[in-house]
Amino acid sequence: MTIPEQNAPVHTAGAAEESRPSLSALLLDPSFWADWASVVGLVGLVIVFGISQPVFLSIANLQALLLAAAILVVLSIGQTFVVATAGIDLSLAAAVMLGAIILGLVDAAGYGIFLACVLAVAATSAVGFLNGALITAGRIPDFVVTLGTLSGVTGLGLILSGGEPIMVGSTFLLRLASGSFGPFGYPVWVAISAVLVAHIALYHTRFGVHLLATGGQVESASALGIRTNRVKIAAYTISGFCAGIAALLLVARIGSAEPQINTSLLLNSVAAVVLGGVSLFGGRASILGPAIGALMLTALVNGLTLLSVSAFYQPLAVGAIVVLAALIMRYQK
Amino acid sequence: MSAVNHSPSADAILACEGLSKHFGGIRAFTDVAFQARRGEVTAVIGDNGAGKSTLIRCLVGVHVPDAGDIFFDGRLHPFANPDEARKAGIETVHQNLALIDELTVAQNLFLNREIVRRIGPLALLDRKAMKQQARAMLSRLSINMPSVSQRVRRLSGGQRQAISICRAAGSGAKLVVMDEPTAALGVQETANVEALIRRLREQAVSVILVSHNFDQVRRLSDQIWVMRAGRMVATVRSSETTGNELVALVTGAA
């Protein structure tokens, strides 16, 4: 577990632009708008909520919003790597639950919080690796495999925990959840670091190019000697790793490991990826897009809550926005 | 019409003898001898189903032949799979071109051969170097491309073919194999690709060209090999043959 809080996100925007053609060409390109639907949506929401409920724009609320978004941002990054290979990871939220329970059990057994965190992340990464191995070696569709591990991992979590929540009273996690550095809380810095690392991995390494090639045209990629199976396994393992980080943030936030799946985390991670302009058919991805998509979904829930809209309407609003975004992208392509 | 040559000479870059391939009960080709000379454009022609593509796929390691010997650069049985063939110096321009639509021209040209610079334990892509070299590769073959940062999805069939050929030639390949490189192209694009193949030859790259366009084959190649119904039936120098003779050889009317 690392908290690289020194990593200031100064160069994020510049690095994103460098990977693309000139700015004026971009603005005339309809697929640019599809790629950045999440940004446009987020700005729109901020304007609407800012006018209708000025509290929305208060520093305190914005900080709370970012804190609430951190877990979803990290999960969306993991989902992005998988979706970029033209796959999907349905076991993501279940892996978060398993990671949380392992964290709780190891901590409760007195092995120390650091070992607990390491084992939690190792376990969720192993779930991801298993997904990738079954999909490639077993030649089973990603949807079926991750649906299977979703159920299997849920069962494993229930068996391990006996169905009971486990309190985690660690000062380290408490500091992680409530402490802050500069303007942001530690969880926000964790999310920012994850965005930076993932962005570099996707745009500035051979792995990133091979990932997009594998997702784009798998036969062409393997004809050129790219080991597409390894790339896919790596993508699912990254997804599992992100689930582990999210599990740490979740346990830190609520102070206990709950043996129940937060299904909205899974659905919202896919929604954020779609809003972020990542093609569900693979081959086309960004990290900033889904991260901002996750922010947008969190802002939507936050704003509706401030406007005193019943919580029952929130899933409806999220669903409508995601389908709308997908429709807009369909027409623009 | 001269007899089929059965001994691979020293100036052959790729040759085979007694090569046969069957798929179950279906005979793709039988007892084929063939050679491509260094620095020449060697054409393989024949009707649909004559076995051209399967022969080529055996030669570059995609299929394993049932019988016979393959020599590349003097080595017997050079490779077991296409990756080994690629490492040995045979680049294949696939019929589906093996381009990734969502990647840029430069990314496609350097796919799986990316240039990286090392910063401590990290190996980061050197995009600037790749873009520069991509421009150099394209201009060496006089390929016109508005920007190497453009996604391949936006390009025309001819431009895609040009990139695919440029990638094959740009890797320092000894032999470039092209299966029907102009089959899906318009007149102007076909002319561009033909000019590209001539430039490859001027740069002393050996080329094997599979085609059933006889005029194109006579324009481009030095040596023509003719397949009919799974057998290699003839080989002629392009300069010494006529379109009518080729038609006769391919159809078996001679």
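Note that Cβ sites are derived from N, Cα and C of the backbone, with glycine treated the same way.
As annotated by TrEMBL, transmembrane segment applies to A:36-57 (among others).
Positions annotated as transmembrane segment by TrEMBL: A:64-88 (among others).
Residues or ranges marked as transmembrane segment in TrEMBL: A:108-131 (among others). Panel annotation: around the transmembrane segment (A:108-131), residues 1, 78, 89, 91, 94-96, 98-100, 102, 142, 145-146, 149, 153, 166-168, 170, 172-173, 233, 236-241, 243-245, 247-248 of the same chain, lying at least six beyond its termini, place a Cβ under 8 Å from a Cβ of the stretch.
Positions annotated as transmembrane segment by TrEMBL: A:143-163 (among others).
Residues or ranges marked as transmembrane segment in TrEMBL: A:183-203 (among others).
For the transmembrane segment (A:233-255), the residues of the chain that approach it from at least six positions outside its boundaries are 1, 70-71, 74-75, 77-79, 81-82, 84-85, 87, 89, 92-93, 95-100, 103-104, 117, 120-129, 131-133, 135-136, 167-169, 173-174, 176-177, 187, 190, 194, 207, 211, 262, 265, judged by C-beta separation under 8 angstroms. The transmembrane segment feature in TrEMBL is assigned to A:233-255 (among others).
What TrEMBL records for A:261-281 (among others) is transmembrane segment.
Same-chain residues lying 6+ beyond the ends of the transmembrane segment (A:312-331) with a Cβ under 8 Å from its Cβ atoms: 34, 37-38, 41, 264, 267-268, 271, 274-275, 277, 296-297, 300-301, 304-305. Under the heading transmembrane segment, TrEMBL lists A:312-331 (among others).
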Tertiary contacts of the transmembrane segment (A:36-57) (same chain, 6+ residues out, Cβ under 8 Å): 272, 275-277, 289-290, 292-293, 295-296, 299-300, 302-303, 306-307, 321, 325, 328-329
Same-chain residues near the transmembrane segment (A:143-163), Cβ under 8 Å, at least 6 residues beyond its ends: 88-91, 93-95, 97-98, 101-102, 104-105, 127, 130-131, 134-135, 257, 259, 261
